[in-house]
Each structure stands twice: as C-alpha cells, then as structure tokens.
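Taken verbatim from TrEMBL:
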| type | residues | note |
| --- | --- | --- |
| BINDING | Asn27, Leu29, Gly54, Glu75, Asp101, Asn131 | S-adenosyl-L-methionine binding site |
| DOMAIN | 34-214 | domain 'Ribosomal RNA adenine methylase transferase N-terminal' |
Amino acid sequence: MNLYSPKTIKQTLKEHNSSPKDHLGQNFLVEKRVASALLRAAELSGRDTVLEVGPGMGTLTQELAGAAGLVIAVEKDPVMVEILKETVVKEHPNVKVLQGDILKMKFQAANSEVSIVNGQLSNVSYRVVANLPYYITSPVLRMFLEAEKKPELLALMVQKEVAQRICAKPPDMSMLAVSTQFYAVPKIIAYVRKTAFWPRPKVDSAIVKIVPNKEKPVVAPDTFFRVVKAGFKQPRKQLANNLATELNLSRQETESLLKKADIKPEQRAETLSLKDWINLAKEYTMGK
C-alpha cells in the first residue's frame, strides 16, 4: 500500500468511515523525501528502539521499521490504530502499536528503566521520532526532557515557527527556547513546505533534532525555572521589574543580583542567553 498517495489515504479513510481530524492535527505526510530526512535526523541503527508519537496511518512508521530494531508507536485515534494494525503491523513484526494519549499515559523513568503503560518499553535506550501537532509540542518536549531516563535523541517535525523558537538565540529567546536548551542541544535540520502534507496545513514545518545533555544540570532545575519564569512573566517589561515582583525582592536586592550575574537591569528576558540565566539562577541560589 502506497501511504504517500493522497488517493490511498482518502480511500483508506473512507473505508473506515473517517476523515482527517483537525483537533488531532492530522495532516498526513505525502512526500517520501521528507520522511527520509526525518530518518536521517534520527540517526538510527538496526539496534535502536524508537518511540513514535502520533504515527497516523503509519507512513513514517513503515520507514522506521526498516531502519530500527523495534518501533513502539503511540496513537490517540482508535481509527488510526486499526489502520496501523491492518497495514504496517502485518508487514513489520517489529512494530508495536499502543492506543492512548502520550501525555496521559504513564510514561516515566525510574531506576534507569523506561516504562510506558505496562512495561512495553523498558531497560533500553530509545529515540523519539514524531510529527507533532502544534498543541502538544511544548508538553511533549517537557515530558521527555525532564524524564530521568531521557531519550538519546529526538527527531521531530514541528511547525516552522515553533522550530525557530526552540532554536532561538538572543535577542529572540523565549521560555520554550530557554527550557529546551537547558536540557538539550536543538538544531533545525530542514524546512518542510506545507505541500508535503494532505490535507495541506496552513503553515510550513521544520525538522528539528534535539540531543539531550548527558551531564546533569549545573543548577537545580526548580530554582532555574523559578527564576526564568519570573523573568518572562511579562516579557516586554524590564528584567529588574519582573524579578523584583515575582521573586519578592527589593529593588536593591534585584539590582545587586543582576550585577553579580553581569546582567543590566534594563535588559529584557528575551535578550538573555542560556548562560546568563544559569548565572542568574546560581547567584539567586547563593543569595537565598
């Protein structure tokens, strides 16, 4: 079955009395070169275990099955689950399909074990590959990057603007950029035109590779994000004002804190680098 063919996609949906669901961000990939680029970004070998989020009909899943040792595909839509079982799973015994919302499934890591639902994925290193709808990009990133047992690598297709925000540098930093770069090194691999999907989305996409840091954070995440969230509370306001209000500091304490971190009080949050935020969090910890 040619899953890259819009005609095949439409016919398969019709056979299952279904249609693309906007609220699930169902835009099916119809260009193989894009799938190939995503696979290259994932840097897979035949020994790898892949966790695919939102496989849809399995266009990308079938490619992953040929490149990896095991593919665990988590799909929310029960119709897509049935289609996956009828097509990809029959041809690729190394593909396991789980139905559920990845954000609500008990994906957790403990004692160096990855556990998803009832132990379907455990005692292995793994990589995440996904074509993510906009509305779950941030929470999915947070879930994997904050996990004790992080994936070795994430290869994601996201909206172009989101990819640019994830990989931003000063003076265009955002909460998403800082939080991602605190845990990992992101890189945009390629831009993808909206014509690569059916139905065609309103915006272009991008493939982004995210490699989690192997070292532990140099500052406690709780403290770091308390400071960062305070700084971005009202992004257009000067940093000194935000920090004073949100961290309950006097003007003098705030200016002293910023001076020690070599940051100007009139700067705005978006102008600070990751290193600036780390230094600021360190100084805040020492001053408590």
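Cβ atoms here come from the backbone N, Cα and C positions, even for glycine.
Less than 8 angstroms from the CB of Asp101 (S-adenosyl-L-methionine binding site) sit Lys76, each of them six or more residues away in the same chain. In this view, the densest Cβ surroundings among the binding-site residues Asn27, Asn131 belong to Asn131, judged by other Cβ atoms lying within 10 Å. Whole-number maximum of the Cα to Cα distances across the S-adenosyl-L-methionine-binding residues Asn27, Leu29, Gly54, Glu75, Asp101, Asn131: 21 angstrom. Note: Leu29 (S-adenosyl-L-methionine binding site) has non-local neighbours Tyr4, Ala35, Gly56, Thr59, Leu60, Asn131, Ala196, Phe197, i.e. same-chain residues 6+ apart with C-beta under 8 A of its own C-beta. When pLDDT values are averaged over the domain 'Ribosomal RNA adenine methylase transferase N-terminal' (34-214), the model yields 89. Applying an 8 A CB threshold to same-chain residues 6+ apart, the list for Glu75 (S-adenosyl-L-methionine binding site) reads Gly54, Pro55, Gly56, Val81, Leu84, Val97, Leu98, Gln99, Gly100.
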